[in-house]
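The structure under discussion appears below in the form of structure tokens.
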Ligand code: CP3
């Protein structure tokens, strides 16, 4: 049993008492940090950085050297799974992720292999182990994956930033094909997250970045159901310690009750919802993570402090809140404003505990 020296984040996820509200930032290791850009230049490109356990360890630790964050997150990407499935992932300059062989035909979908994380995604497991050792139990390490539906968006569209025409056409015209993809993705994600837990991840998060693009009924059938299946197959304990999980559907505020019902420990919130209302709606069922608009980090430290106070006040007294942004930090964020955010959360939250 190795409990991190600072386990505030894990306790908040399990709604156990804490002295202050823990904080970490989605995409905390990234392009807004000059040291990240320096390491990425040394790696050559983003994918090589993900595939080098020692460089991934280096960038995972960079934000922790600057800010007193309460958790580290594995440096990787959600698209490692479709990459391991052989879809030919690449990052075109300034264009985001692309696939050489997007999934369009039934034969391609039937041929899709669920990757074995211990061989096909060995580099991720090696990174998790190396990061744990470099962290030396300072703070917990979060492992993560994309949701089956969010992964399918990239796999079917072949790139990001689309109007979801391909995947929604499949969803409405050939739903059984999309279900085949989602079933394989759910199996892949379950094995991948369990392997991360066995390699040392102390909490796991599912990023359902595009679930919010679905209709009310399609969300349940094509995204939520598969996340529920993953949670049912997830290891809940490792070496005698609970491994809490977080489910984040961007744009999922309308469906909070349904999300909180699938067996997760915590629900991630984007910035479109009031966290106090969210808390009243989910009751004691789950902890909440969020939910500052990342654009607030373009303002001044004074304004950031005021906005932090609003969220802490809205959540109110007691444990069960992990402070975070409502989505990833922008590459144009001044690092000193991220520092102001972390400091404000730590200083202002003590009175609520
Ligand atoms: O939070 C962290 O610090 C961990 C690292 C992390 C990355 N991607 C690194 C990354 C995590 C958790 C992700 C998840 C991810 N990747 C998601 C879900 C979360 C979200 O943001 O919605 C998605 C949809 C992806 C797919 C992806 N990867 C996209 C769309 C892009 C391009 C985005 C952009 O801003 O250009 C990436 C690239 C990526 N993943 C970068 C980083 C730091 C930037 C790449 C670079 O260095 O050039």
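Note: Cβ is positioned from N, Cα and C throughout, glycine not excepted.
Quantities reported herein were computed from a predicted structural model and do not represent experimental measurements.
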Checklist outcome for this item: According to TrEMBL, 27, 28, 29, 30, 31, 77, 209, 327 bind substrate, and the residue from 154, 172 that belongs to that same site is 154
Next on the checklist: Cβ under 8 Å, sequence separation of at least 6 from the ends of the domain 'Uroporphyrinogen decarboxylase (URO-D)' (22-31): give me the contacting residues as numbers and ranges.
Outcome noted: 8-9, 12, 37, 40, 59-60, 62-63, 67, 69-73, 75, 142, 322-325, 327-329, 331, 338, 341-342, 345-346
Next on the checklist: For residue 154 (substrate binding site), which of the three DSSP-derived states applies: helix, strand, or coil?
Outcome noted: helix
Checklist entry - Counting only residues 6+ away from its ends, which parts of the chain sit with a Cβ under 8 Å from the domain 'Uroporphyrinogen decarboxylase (URO-D)' (142-158)? => result 24, 71-74, 76, 78-79, 81-82, 85, 87, 97-99, 102-104, 128, 164-167, 170, 178, 181-182, 185-186, 189, 192-193, 196-197, 201-211, 213-214, 222-223, 226-227, 230, 249
Next on the checklist: If I restrict to non-local contacts, at least six residues apart, and a C-beta distance under 8 angstroms, what lies near residue 29 (substrate binding site) in its own chain?
Outcome noted: 36, 59, 60, 62, 63, 73, 75
Item to check | Distance [Cα-Cα, Å, rounded] between residue 154 (substrate binding site) and residue 77 (site 'Transition state stabilizer') | outcome: 12
Item to check | Entries of 27, 29, 77, 154 (recorded positions) sitting next to ligand 1, with Cβ under 6 Å as the cut-off | outcome: 27, 29, 77
